[in-house]
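This report concerns only the one structure given below.
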Amino acid sequence: ENGPRLLVVAEQAKIFSHRGGNVTLPCKFYHEHTSTAGSGTHKIRVKWTKLTSDYLKEVDVFVAMGHHRKSYGNYQGRVFLRESSENDASLIITNIILEDYGRYKCEVIEGLEDDTAVVALNLEGVVFPYSPRLGRYNLNFHEAQQACLDQDSVIASFDQLYDAWRSGLDWCNAGWLSDGSVQYPITKPREPCGGKNTVPGVRNYGFWDKDRSRYDVFCFTSNFNGRFYYLIHPTKLTYDEAVQACLKDGAQIAKVGQIFAAWKLLGYDRCDAGWLADGSVRYPISRPRKRCSPNEAAVRFVGFPDKKHKLYGVYCFRAYN
């Protein structure tokens, strides 16, 4: 009532990017009924935080006040304010990693006044179901998180799984999501998957004990900075031979997240089954054809064969410097 009210505005509510890219999360502040950015009587404090999946906690990202700047955690050295004008509090994030996905809050404080705006950062990528060699429903929540990290991915959010379902993902096994819920996407309702007379959708098992309950997991990965390829080799290989063959070629045996990213984002297509880092054997088909996934484009799963005696090709990944 005694002065102009502080307003914080995000020009876009949702921003899209990809792993390895740079992005600007928009945020500007104004005083209502004036054209000035600040009153001049108080220093402006800008604080960026990331909202967690339960919205009860916030992770510090960046704080600025006057000449003072501070970034936190794995954002250190990767975030700074754009400051294209005196009222610009937009945050630039460089070299985006998978964990950057989510909702960010821009808070501007001036004296006793403050206001906030929220911006969502979405990443282009692919969601894939994952279960370990032990078989179906063997991961608690913490093991599920680690399983995704081991395969060059992160545990998927509900929004990411929902988008994947809208794009056609159909999977009958329930898996953990980043908010601690257990869900699965059905595009073709059938008896073993909630009933054939039900409507398509993302089925929700609810929230379960993160330590004791065991399910599969849905992982999310984005593009990568490297080359994914099938290694041309004169003979088929055991698992250990496959690992060594990739190393000899200046690469590493590829991870499950890398084969899914190459298939979905690059259209990689190869009918040869090959070893991957987790001991599974898979092959990516982008152009369905006879003898090579005739009915659908997919990363075909052969299984977890005997590492010492079964012979296959191998998929390798060479990171760019």
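Each residue, glycine too, has its Cβ placed from N, Cα and C.
The structure displayed is predicted, hence computed values, not measured ones.
Annotated disulfide bond per TrEMBL: Cys172-Cys193 (among others), in sequence order. There are 14 other CB atoms within 10 A of the CB of Cys172 (disulfide bond), with all protein chains counted.
Residues or ranges marked as disulfide bond by TrEMBL: Cys271-Cys292 (among others). Sequence-distant neighbours of Cys292 (disulfide bond): residues of the same chain at least 6 apart with a C-beta under 8 Å from its C-beta are Cys271, Tyr283, Ile285.
Computed over the domain 'Ig-like' (4-122), the whole-number mean pLDDT of the model equals 90. Look at TrEMBL and you will find 4-122 tagged as domain 'Ig-like'.
TrEMBL lists 126-221 (among others) with the feature domain 'Link'.
Taken from TrEMBL, the feature domain 'Link' applies to 226-318 (among others).
Within the group of disulfide-bonded residues (Cys193, Cys271), the Cβ with the highest number of other Cβ atoms inside 10 Å belongs to Cys193.
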